[in-house]
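Annotated features, as they stand in TrEMBL:
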- A:1-50: domain 'Myb-like' (DOMAIN)
- A:1-50: domain 'HTH myb-type' (DOMAIN)
- A:51-101: domain 'Myb-like' (DOMAIN)
- A:51-105: domain 'HTH myb-type' (DOMAIN)
- A:107-120: compositional bias 'Low complexity' (COMPBIAS)
- A:107-146: region 'Disordered' (REGION)
- A:121-140: compositional bias 'Pro residues' (COMPBIAS)
DNA sequence: AACGAAGTCAACCGCTAATTT
DNA sequence: GAAATTAGCGGTTGACTTCGT
């Protein structure tokens, strides 16, 4: 099996095969196309680079803002976030987050807002343990927060938020309003 | 100019979920 | 219903590029 960077010739073979047979059955594709690549590699190459309408680079301020907001809402659900940014891939969003946005957030965390400063008040002194009294079960929300710096939603966000509307996502004002309302609830991830 | 450090990003890996047999 | 196969996801790696000294 070939590994590493794809060549232009391999891209051509993959594109031609998918044009004929469609983007599915990746294992079969990798064998029948003659590409000496594993199916997973073929799938990734198609999804991230070869499929139509892929946008590359130059993430706009509006897109960046939307990524920040969606990340605040959804956490590291890159595929879900990328699905709201036409032409962008989960891999690109993830890379952009790790190399650009996470730094921005770290910088902004070093300059806490007033509300954040209020949260930095020292915690109350620990209560002495009470004998023969079992500790209360931890609140459920605490358990779910421990999975990440965001709440685990037990509903389908696709049902909750209809993102099916095409066009300029900045026009979805109520989403922006909703996300702004979250500002006090969600801490930015580290 | 040369070198090492830091940054970027394409590709891979391991895992789970969904689908097919 | 069980097993096998396929698809998809997020985390991580490593090659390459850029920057600073």
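For all residues, glycine too, the Cβ spot is worked out from N, Cα and C.
Taken residue by residue, the domain 'Myb-like' (A:51-101) breaks down under DSSP into 32 helix, 0 strand, 19 coil. Across the range of the domain 'HTH myb-type' (A:1-50), the DSSP-based residue counts are 33 helix, 0 strand, 17 coil.
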